[in-house]
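Participant: Sending over a structure as structure tokens; questions will come in a sec.
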Ligand code: ADP
């Protein structure tokens, strides 16, 4: 009989869920509860071709989760008939405690709670999801799958900051990385499809949040996100790498509080901070549309910064890997933005990277080779599937 896993991603005001068949990868049903805590919330539940949308007050996560279970009952599939064997919870921060998925026990729950200061926006919201799901579905095992787990294998030289060792130890400051489930999934699937485990890979997870990793023979050796997801690439609303002294400067010269600086760096910078829009489609539209030359110029500069940051990471990671066999693009921008891929590949032409410009424009839900046959590096568009990865990791430990 089919075994399925209900994957839950509980956010501060939302619950995203998917019932997955880990063997086939099929998403049997999926949905999203939004605006929890607002006067009116919203639920979308899709089962096969049937999509149900409802607006109703959803004061808290418990009621949100009850509504999800009601929709499974009324709109299908009935969870027990669909062979549910476990619930997999996506957890952003697993700190130093978790280097793989963990069965949720009271101890595991407490450790996730202890890590809340490291992920103040995420872990508390995940805990709400875990608590209500355990209460409402007590008969199946619950598993926590951590976004940081893959990067617990980073070598000391890339996991450690050159920060005073006592301070780093006292406050658990190190590179934890993020999007690990996606980097692990893509790098493993690429190796599987190429039938090789001796690969020098770069994985670019380019979504609204964006990170890049270097994977050598299946193990991560570096990644761009750090203690938090702020470090590394330029993102939709985040600065990415920036001189930390900018913080001191803004605090001293601008009298800005730490919370204000945190907000500017995480929510008001990146593409949004430079062009007014965080979505790459809008930024490309500004570049194409010359009716506002000043905006067009700003957008072009922002895109140049974006691509240049990618280029710097590819250069340094290729050096760390001692070469490069495969580079995979994934997530919203990686999978859809042919312009970013082309500009990056063109900048890498002196190193023997050759993109097939026509293939680069194709759209596919399947992995796609977009490099020319004589390219020194294989370029792939490789759709990520974090829900499937979470479902498989969940199944692997129950
Ligand atoms: P998240 O980090 O929120 O999971 P996604 O991986 O869904 O993000 O990526 C969302 C981003 O992908 C959007 O903000 C947008 O910049 C980009 N994107 C989505 N579709 C396209 C497209 N067709 N062309 C260019 N960029 C796109």
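Glycine is treated like the rest: Cβ placed from N, Cα and C.
As annotated by TrEMBL, Mg(2+) binding site applies to 9, 386. Per TrEMBL, the feature ATP binding site maps to 16, 205, 206, 207, 208, 209, 279, 280, 281, 332, 333, 334, 335, 336. Taken from TrEMBL, the feature substrate binding site covers 90. Positions annotated as active site, proton donor/acceptor by TrEMBL: 147. Per TrEMBL, the feature site 'Transition state stabilizer' maps to 179, 238.
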Participant: Report, in whole Å, the straight Cα-to-Cα distance of residue 238 (site 'Transition state stabilizer') from residue 147 (active site, proton donor/acceptor).
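Facilitator: With the alpha carbons as reference points, the distance is 19 Å.
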Participant: Quick one, of the recorded positions 90, 238, 281, which Cβ has the fewest other Cβ within 10 Å?
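Facilitator: If we count Cβ atoms within 10 Å for the recorded positions 90, 238, 281, the smallest count is at 281.
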Participant: Please compare the recorded positions 147, 279, 335, 386 by how many other CB atoms fall within 10 Å of each one's CB, and tell me which has the fewest.
Facilitator: 279
Participant: Cα of residue 333 (ATP binding site) to Cα of residue 179 (site 'Transition state stabilizer'): how many Å, rounded?
Facilitator: 14
Participant: Ligand 1 is in the model; which of the binding-site residues 90, 208, 279, 281, 333, 386 have a C-beta less than 6 angstroms from one of its atoms?
Facilitator: 208, 279, 281, 333
Participant: Would you mind checking how many other C-beta atoms are within 10 angstroms of the C-beta on residue 16 (ATP binding site)?
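Facilitator: There are 17 such Cβ atoms around residue 16 (ATP binding site).
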Participant: Near residue 238 (site 'Transition state stabilizer'), which of the binding-site residues 90, 208, 279, 281, 386 can be found within 10 Å, Cα to Cα?
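Facilitator: For residue 238 (site 'Transition state stabilizer'), the binding-site residues whose Cα atoms are within 10 Å come to 208.
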Participant: Measuring C-alpha to C-alpha, could you say which of the binding-site residues 208, 279, 281, 335, 386 are within 10 Å of residue 90 (substrate binding site)?
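Facilitator: Checking each Cα against residue 90 (substrate binding site), the hits are 386.
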Participant: Cα-Cα, whole number of Å: residue 206 (ATP binding site) versus residue 179 (site 'Transition state stabilizer')?
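Facilitator: Residue 206 (ATP binding site) and residue 179 (site 'Transition state stabilizer') have their Cα atoms 10 Å apart.
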Participant: How big is the gap, in Å, between the Cα of residue 208 (ATP binding site) and that of residue 9 (Mg(2+) binding site), rounded to a whole number?
Facilitator: 17
Participant: Whole-number answer please: how many Å between the C-alpha atoms of residue 179 (site 'Transition state stabilizer') and residue 386 (Mg(2+) binding site)?
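Facilitator: Cα of residue 179 (site 'Transition state stabilizer') to Cα of residue 386 (Mg(2+) binding site) measures 9 Å after rounding.
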